[in-house]
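Asks: After the structure tokens below, expect a handful of questions from me.
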């Protein structure tokens, strides 16, 4: 025989659970009917119920250890048969069978199994349907069933077997008349222990508690209805623990103690406890079922396998127990109710880890509880609770019933009298404590009021003293007052309660126009200021203190005058602080006006400089007619160099002033051409050194050095400062470059510095289309050729005509900030190419200078020969002018071509910058918009790849 066959032979299924009540004490109640027709029917139709519709077949499923682990098997078919055959006495027994079925599944299977998930789904449906079950259990057709002979046997059986209410009955509160037995824990172990305790021990426990009487709580109806039946003490002792379903008896036939208990229940409870019962109903509502269901029942330690639960949690609590206490009026005030609810949540937090699912559910349910509990109104302390008056009423009525009941009532009454006396003393102590607290709370406010009066007196004294003090002290006191105003909000929080009544009395009521203006001002406030408005209203209006701060409706007719005045102060203060931006605009406008004034002053200075240059030009023309000697020419050269340096200084100073208002963009755009400072003008010592070092050729007048100060594009005023320096002397601090005229013209086409025209030296001034003329006196050039050893720098004058037209042109063409940035980027890009071009030109210059130095002795000999022949200076200068006339025409044509090229370069640069700006704007516009079709295409591609 194989091993599986042996195992199948060993596995034996036990007989199914019984479903016929052999004791024939089963009943049919409204709750049992609901369980049969609604709960069981819905569970049976559920798609996950098929594993639970029949008893577990251990042989077929090959589960040899199932019935060794599960001692009390249960299934839906057995429950269905028991309901059909009236097996159950009350609904709590049927509910216990359902819970047993689910706990067996959780006990045998692992937590992650499919069968466990199916059981959890069924249990959720079961609890949901169970919450809709009628709360009061009533027997259906009970009067026909109950007979005279069997009533006594039912009472004896119930006294022996069911001495305490069932745990599940405590959870769902299905009793019409609350139980009067001593409170037991909800665990099934205590149920078994309670069954072993006899009725006499229960009576002793009830007497010691002294709350309710034992004698005839469950006396059968026949003992009251029939006059012939005898009343025996032994019978009453056995009939103590009859199940608490009493609906089959009329109310006028019930024993006295039960009628007295109904009177006690009808007494009015406090307003706080009513709110607590509403909170409990809210927590048990359907909308909170998804996260409140673990707290409906006590923790089933055996089913969940939590063997160390009671070692960690000493005081278990659940919503079912809290509801039972609330129904039995065990809560004397709302704080005891809140203590039990919070104990339930603390037990959950204590036993479970913080990241557990039950902890998150507990936090959600606790948020619901705390939000509702915070809205309970506060009530004053009463002299005597109603519950103790109720017990006295039950005593006096109970003493008149029987002798035995009166004796037991006396013993319980004595204990109750002692308790009432103790409670009265405790209440007196509480009153004394409350009075002390009120006195202590009023003392600091009195002190604060005294401090206020003192501070007012001190302020008056300070005002009198301040009239005789210096203005500096007055300023210091003003600063101190401002600091005190800043610190006032902290003091207001402390003095608010004491000043509240005074503010309400002194506040002036608002009329309709003021209220309307206040509402308009509140609507003008920004969103961050509205929170303070809500805080002011809630702090001053008790009726709105519990309202939601996110959404609040304000009715100005219901608000107090003090609240409205406080709102008016706050709103006016906020609106005063807001209009700070218009003055800034005024300041900006004033800056622009100053900027324009500076420009006008600089233009006037430029015109003055031009006038001075014209006067000097006339002086130089008059000097041409006088004959000059070699020595005199040298002295005259030194004077002209000094005058040129002074004129260059004046021009450079004017250019510095004109460029001071610019934003410094010239240093970034054109780093090779910077402003000329006064310190850079050639001194006499430098001129002497230059005489000893270099000699220029005959046809060459001088190599000019250009210095451009390019202003900001908003000013659009450009000036050129031409200064003659030796060819090889180039100060590195300002990156000055020396070129001949042809090379400068070619460089201008590359750099596109300005539309100014640089002309070759000539005696006459040629006016260009741009309105700028460059003057080159010929007389000075003739005198310079008399020196054979060296060549001194020659002055060149600049005259700017039509300055107003240039100003209007600069103002009319104002590129935007975006164009400016693009031009800067493009110029930086051109920087490398320009530097290469400059290096090449400097190398060519050096090479040409070397060639010219070899020709210089020949030129000096020719000059001496001409002087020996008796030629005058004027004839010599005429020769030079005739030689240079052809070259000037060529250079003029080249300059015009260079200007055309520069215009083409400018047009190209502008078009390129415009295209870049359009592209940038298009990208910004595309970045701001969302292409929904592209997004949908991306999502479809993602879904296809995901599948």
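Any Cβ shown, glycine's included, is placed from N, Cα and C.
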Asks: Of the residue ranges 255-308, 309-362, 417-470, which one carries the coiled coil annotation in Swiss-Prot?
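Replies: It is 417-470 that Swiss-Prot describes as coiled coil.
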Asks: Can you say which of 197-208, 209-220, 221-232, 233-244 is given as motif 'Nuclear localization signal' in Swiss-Prot?
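Replies: Range annotated as motif 'Nuclear localization signal' by Swiss-Prot: 209-220.
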Asks: Which is it, of 799-823, 824-848, 849-873, that Swiss-Prot names as region 'Disordered'?
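Replies: That would be 849-873, the stretch labelled region 'Disordered' in Swiss-Prot.
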Asks: For the annotation region 'Disordered' in Swiss-Prot, which listed range does it cover: 368-394, 395-421, 530-556?
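Replies: That would be 395-421, per the region 'Disordered' entry in Swiss-Prot.
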